[in-house]
Amino acid sequence: MPNMSLEKVPMPEQEPNVRNKNFKEVTLGYTEEMAVEEAQRCLNCKHKPCMQGCPVMVKIPEFIALVAEGKFEEAYKKIQETSSLPAVCGRVCPQENQCEKFCVRGIKGEPVAIGRLERFVADWYMENCKSVSEKPESNGKKVAVVGAGPSGLTCAGDLAKLGYKVTVFEAFHTPGGVLVYGIPEFRLPKDIVAAEVNKLKELGVEVMTNMVIGKVLSVEELLNEEGYDAVFIGTGAGLPSFMKIEGESLNGVYSANEFLTRINLMKAYKFPEYDTPVYVGKNVVVVGGGNVAMDAARSAKRLGAENVYIVYRRSEEEMPARLEEVHHAKEEGIEFKLLNNPVKINGDENGWVDSVTCIKMELGEPDKSGRRRPVPVEGSEFDLDADVVVVAIGQTPNPLIKNTTPDLETNRYGCIVAKEETGETSKTGVYAGGDVVTGAATVILAMGAGKTAAASIDEYLSQRKK
Amino acid sequence: MYKIVRKEVLNPSVSLIEVEAPYIARKAEPGQFIILRVDEKGERIPFTIADYDRDKGTVTVIFQIVGKSTESLNELGEGDSLQDMVGPLGVASNFEGVKKVAVIGGGLGTAIAYPQAKKLHSMGVSVDMINGFRNKDLIIIEDLCKAACTNLYTMTDDGSNGNQGFVTAKLEELINSGEKYDLVVAIGPLVMMKAVCDLTRKYDIKTIVSMNPIMIDGTGMCGGCRITVGGETKFACVDGPDFDGHLVDFDSAIARSRMFKNQEAESRERAHKCRLEGMNNA
Ligand SMILES: Cc1cc2nc3c(=O)[nH]c(=O)nc-3n(C[C@H](O)[C@H](O)[C@H](O)COP(=O)(O)OP(=O)(O)OC[C@H]3O[C@@H](n4cnc5c(N)ncnc54)[C@H](O)[C@@H]3O)c2cc1C
Ligand SMILES: Cc1cc2nc3c(=O)[nH]c(=O)nc-3n(C[C@H](O)[C@H](O)[C@H](O)COP(=O)(O)OP(=O)(O)OC[C@H]3O[C@@H](n4cnc5c(N)ncnc54)[C@H](O)[C@@H]3O)c2cc1C
Ligand code: SF4
Ligand code: SF4
Ligand code: FES
Ligand SMILES: [Mg+2]
């Protein structure tokens, strides 16, 4: 008899006024009992509507049925058939636009908490099944993976399982990509990412950090001098955009990348125990409406800012952030200044930010993306006090690899052109996937692209004569 | 990896380390830099590649002790290893077509200017090197510099080495005595580079400066190193660190270099306190 409750089994979480002062994980995850109870809400629909919303087609009804029976290890294996990073995706997927959007239980009431169940299964497995992965037999072929984000790590893992000798080249000193430098600890504990990387190492994947491809070695050299049979490029979209308004070079203005890298990768939230500083001040203005903006705002609050504002030029409906993040941000005391756009950052006599001049916006006709275009309301400018401004309005791919790999085709946004079904680029033996191809997107899409590319690299190298 | 194979104390606040980093040594060019971390809790600190040895697979950096991270670095000795080193970063210097150059180093900037002088000298360019220090005890790498240029002028603010004066005064003197430079390379504190640029603008001599803003990644992903050059925003780590000095907005760069002044003092103080407490416990 299914559990007909209209609501998801709530997931325990830290109290808003406690958690907005620490960097520990906000949500605490289901217990076994909660997971079984929630799993019983699933109707095991024959047509599996939820699956069409998952970019990697996780076998949702099947894994949930196993959870309902208390077969957690089997549930994990079921998810693993199509997905590599369930502990991560269960936490950060925008489920409301993906799997849960299509869940029939969502027609009347809340959908099944697919993400929370996925996270539960992955966490349970990590805690209870210390299985050591066996190193597969080598097939004698070498593949280089550039970038240790979700796309690169997934591609590396799949290829290693097929017997390839895989080396991951990562520019930073820690692998993980956005999962370690962008998404904060309170949303995605870094131990989880480290555990995923360790699993790869057990499979025989070599991870070389501090290697900026395009500087220390080029893609060309990987193929022709270092003896790699194929290269996968998963370097993400790490180039910050600025607003190009007056005052952006003032002290106190950060790109979200800088602000979050200081805090997450360099652990400035533990300054001075860790050496890297970050300055937060009393009033913080974060510009943007995506996950990046929410992460920056919630981090600033945790570091002691009194007033943290999200300034976003459209309305809440158009905000690209995950629903849960917006909800959590509000609970934690972040103030939303919607339908507002900064036009100028004002400084004091010492070159520090003093305030931000914003203008009110209203929604006009829909633009090409189908969203109503915001237009400024004439004469509605006002000043918002600010010590710090964080610009979180988007990122594009870093041109380093493009500039050092002449025959690699890119589009006008600087994204590498790659076939969606295979990850093939214009250069033979070179594949690409994740944000560097799509522009800033999601973890699950990057992971899926890594999987696709691994399969076609295998096909290419199996067919190619030695 | 990243083992320190040689360490020399050049003066009480400046040391040289030669570090095993074979991949970087293979590619390094004058004008480029590395970023290193001393330990797991350390900052990412950028340093110019002062020298490299492709055969030995080593990279040399010369650093001045100015705060917490450089103090920690200086505590390491030969045989110790760094946590991380990444590079070579930044654009290599390009000196095509120049015939006579004045290379100017201010204080520690001398160490950053040295590889550039060396490269120019090896290209057969006539190089006058003018290095300035506060007093004679602070003079570093004089012998190396002597071997990397045609004429070396070592100046001190207080005249304690017998050559009193700022580098700008010496440069102007040389220009007025008829030396025709087609390029000036000026590397040192921001105020010094600004003063050199003000001078060379007067004489219409192209001037390259090396900009060292606060950096994290060094690959163009944080934008923290942005400076204004000719009215445009540039990222010093990927577009530089060398720029046309006559186009650089020095005042904004000077303000930005002070962004973390209070935290830097706090970090250093804490390190000193820890060290004292450590001694008390011993
Ligand atoms: C703050 C923030 C919050 C986010 N929140 C969410 C969320 O909640 N849910 C969600 O689904 N998505 C979220 N995203 C988006 C998601 O993280 C990305 O879409 C995803 O990480 C892309 O993966 P990737 O493998 O393509 O690249 P990345 O994760 O960007 O990894 C690329 C890696 O390549 C390395 N690299 C770059 N250039 C080189 C080079 N030349 N040589 C060697 N290495 C190089 C980088 O250092 C990096 O480690 C968020 C993004 C940010 C920035
Ligand atoms: C491209 C580049 C090349 C450099 N080359 C050399 C060199 O060859 N030798 C040398 O001694 N120094 C060099 N520097 C400067 C060196 O990085 C700083 O002195 C060092 O980071 C100071 O760290 P600290 O913790 O000891 O001092 P702190 O007390 O933290 O800082 C002292 C001052 O150093 C600067 N600084 C602090 N953190 C950074 C940072 N992350 N990046 C850049 N500057 C910073 C600031 O202006 C600050 O006020 C270079 C900097 C850059 C950007
Ligand atoms: S991977 Fe993401 S979209 Fe797919 S089922 Fe899991 S949470 Fe849903
Ligand atoms: S749509 Fe919802 S109820 Fe139906 S199988 Fe999927 S998760 Fe279960
Ligand atoms: S140091 Fe981050 S962009 Fe230059
Ligand atoms: Mg420091």
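Using the three backbone atoms N, Cα and C, a Cβ is placed for every residue, glycine included.
Under the heading FAD binding site, TrEMBL lists B:ILE62, B:PHE63, B:GLN64. Sequence annotations record features per position, and here TrEMBL assigns [2Fe-2S] cluster binding site to B:CYS222, B:CYS225, B:CYS237. The domain 'FAD-binding FR-type' annotation in TrEMBL covers B:1-95.
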So what sits near B:PHE63 (FAD binding site) in its own chain, CB-to-CB under 8 Å and at least six residues off in sequence? B:VAL14, B:SER15, B:LEU16, B:ILE17, B:PHE47, B:THR70, B:LEU73, B:ASN74, B:LEU108
Same-chain residues at least 6 apart in sequence with Cβ under 8 Å of the Cβ of B:CYS222 ([2Fe-2S] cluster binding site), in sequence order, are B:MET215, B:ILE216
Filtered binding-site residues, from B:GLN64, B:CYS225, B:CYS237, whose Cβ is under 6 Å from an atom of ligand 2: B:GLN64
Suppose we call a site close when its Cβ is under 8 Å from a Cβ of chain A; which of the binding-site residues B:ILE62, B:PHE63, B:GLN64, B:CYS222, B:CYS237 are close? B:CYS222
DSSP-derived helix, strand and coil totals, residue by residue, for the domain 'FAD-binding FR-type' (B:1-95): 14 helix, 42 strand, 39 coil
Remaining residues near the recorded FAD site, that is with C-beta within 8 Å of the centroid of the site residues B:ILE62, B:PHE63, B:GLN64: B:LEU10, B:VAL14, B:SER15, B:LEU16, B:PHE47, B:VAL61, B:ILE65, B:THR70, B:LEU108, B:ALA111
Whole-Å Cα distance, B:CYS225 ([2Fe-2S] cluster binding site) to B:GLN64 (FAD binding site), is 20
Give the three-state DSSP assignment (helix, strand or coil) for B:CYS237 ([2Fe-2S] cluster binding site). helix
If you count Cβ atoms within 10 Å of the Cβ of B:ILE62 (FAD binding site), leaving out that atom itself, what do you get? 24
Which residues does B:CYS237 ([2Fe-2S] cluster binding site) neighbour through Cβ under 8 Å, counting only same-chain ones at least six apart? B:PRO46, B:LEU89, B:GLY90, B:MET215, B:ASP217, B:GLY218, B:THR219, B:GLY220, B:CYS225
Cβ under 6 Å from an atom of ligand 5: which of these binding-site residues qualify? The list is B:ILE62, B:GLN64, B:CYS225. B:CYS225
Taking 10 A as the limit, how many CB atoms besides its own sit near the CB of B:CYS225 ([2Fe-2S] cluster binding site)? 25
Name the residues of the same chain, 6+ apart in sequence, whose Cβ is under 8 Å from the Cβ of B:GLN64 (FAD binding site)? B:SER13, B:VAL14, B:THR70, B:GLY107, B:LEU108
So what's the average pLDDT for the domain 'FAD-binding FR-type' (B:1-95)? 96
